Structure formats: structure tokens, C-alpha cells
Amino acid sequence: MFEEGQYFAPVNTDADGTVSVELGENHPGFADADYRERRNAIAALALDWQPGDPMPTVAYTDAEHEIWRLVSAELAVKHRDMAVRDYLGGAERLMLPRDRIPQLAEVSRALEPLTGFSYVPAAGLVPLRDFYGVLAEGKFHATQYIRHHSVPLYTPEPDVIHEVIGHANALAAPRFAALYRVAGEAARRVHSEEALEFVSRVFWFTLEFGVMTEADELKAYGAGILSSYGEIDEFRGMTIMPLDLGTMGTIDYDITKYQDKLFDAGSMDQLEDVVGEFWATCDDDAVERLKAEVKNR
Ligand code: TIH
Ligand code: FE2
């Protein structure tokens, strides 16, 4: 269903302008006609959006707000023990609402004075080059629909909970925001699709699913772990590997399952020194060298 590294459902527009979002058979909302219709309507808002327009406002239903309330309450408790300090600092400064789904426009207004980041709407699948490239300008593509009510603890694709609770709290923290930006610069600097793919995998294993050690305890900083109260309970039991660019940039992963291989950045300093430095300077040749080095191991 999902192409590796492109973690939004494909969206199709018919000749008559009807928008339909493709969901895989294993998606919890696959057989729910009302949910599919809602997804299509929200995707249509993003497709209509043009740069310069105000962000689309979604009139969320009470049932949708209720999913946000439930998930944010569960996550807030778990974050205290499981999230890294910088992320918690970001959350404290951003102060997301717990009782309702915030609009992306409102999250952007809170984020911009903190680190300069703001959201742009994504209907579904965003090409890698755009998704990562605009990070260099402090822009983050986000979906606006919410996960299916039947499985609130985990969803196989990014939803507004993931985009906002997972990413915005990190984007509100200056050190993380700087890492997102250099990831975007890297995506713009590399030419080949292979090198872009490598940059994107490193992003996956760090800003999406990264963990690090703080005071001898393994904590999460990746947005994909921090937006799932199911996965947050499991990550410490996964295979934890040392931070290694070559490995992160070349191994495969399945976005629809709990990630069973995670990389311990060690510390914020090390994450910046290794991954931040790589993104800030890499080019096609540097990526080729890392790939060759992995092959020769
Ligand atoms: N699995 C995450 C969640 O349940 O919040 C969402 C995703 C993030 C990245 C890929 S899917
Ligand atoms: Fe994400």
C-alpha cells in the first residue's frame, strides 16, 4: 500500500473532480464508508489549497475531537517518562490544546515565533523532494484527518495527531527544528533519487523513529513513536542499534507496523554531530561513499 519513504496514502482525482483516498485493506478504516467519505472530503480541502491561501479549516465533529482528547491524554502521561527533554521543552512552550483538535493554522501561529516553522496542508502522498525540500524553508507538510476511532493507539499512516503531537512539539524545540531544516537542505542539495532516498531513510530512523539515552534510560524523540501510545509502550523492547548513517540510510522498513529496529543516537550532541552534520554537508558523492562502505563490510 505504501511506497517506502512516502508515508501518505495516495490520493486520486477523477475526471469530474471527485477526490478519493486509497486505503490499504489492512487500514482500520478500510471498510468504513463514512470514514472513507470523510477522508476524501478532507483531502479535497488540501488539494484546493494554493500557496499563499490561508490554511484550510476543518470543521471537526465531536466524535473526532473525542479521539484527540483520548489520545492526547494517553500520550501526555507516557511522554513524561518516555520522551526526551528537548521534546518535552517544546511541548511546554507550544501548549497544544488537550480538549479539541487544533487547526493547523493555529498550530502554525504558535510555532512560528518559536522556531519559524509552519504547516502546509497535504492531501496524501507528497513527493519526497517536496516533502523534505520545504523543510529547509521551515515548512512542514501535514495531513488534517484523524485516525480511525477503532484503533486510537496506533495508525499505519500519519494523521493530524501524528503531525501535531508527534512533530509540532519537536518543531517547537530549537535544536530539533534545526535538524529538520538541515534535513531539508540535504534533500535539496542531493541530485540523484538514490541519494534522496538515503537522506529520507536517515530521517525515518531519526526524526521519525529515533531514540536516545538520557540518564541511562532509553527515551524517544521520533515523532512516529511519540504519536502512538501503543508503540511507545513497545519501543524499549525492540532491537536497539548504535547510530550509524550507512545502516540507517540503507535498511528497509515497513511503515505499517511497529518499528522493530531502532537507532540510539546516544545524546542530543551526538545526534547533531553525526546526523545534523551529515545533512548539513552531504552531497551525492558522500552518500555514494557511505553506501559503498556498507557494501564492503
Ligand atoms: N504510527 C503513527 C501513529 O500511530 O501515530 C503514525 C505514523 C507515523 C509515521 C508513519 S505512520
Ligand atoms: Fe511524520
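Every residue gets a Cβ built from N, Cα and C, even glycine.
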Can you match one of GLU112, GLU208, GLU214 to the Fe cation site that TrEMBL gives for HIS162, HIS167?
GLU208
To which of the binding-site residues HIS162, HIS167 does the lowest count of other Cβ atoms within 10 Å belong?
HIS162
Cβ packing number for GLU208 (Fe cation binding site), 10 Å threshold:
24
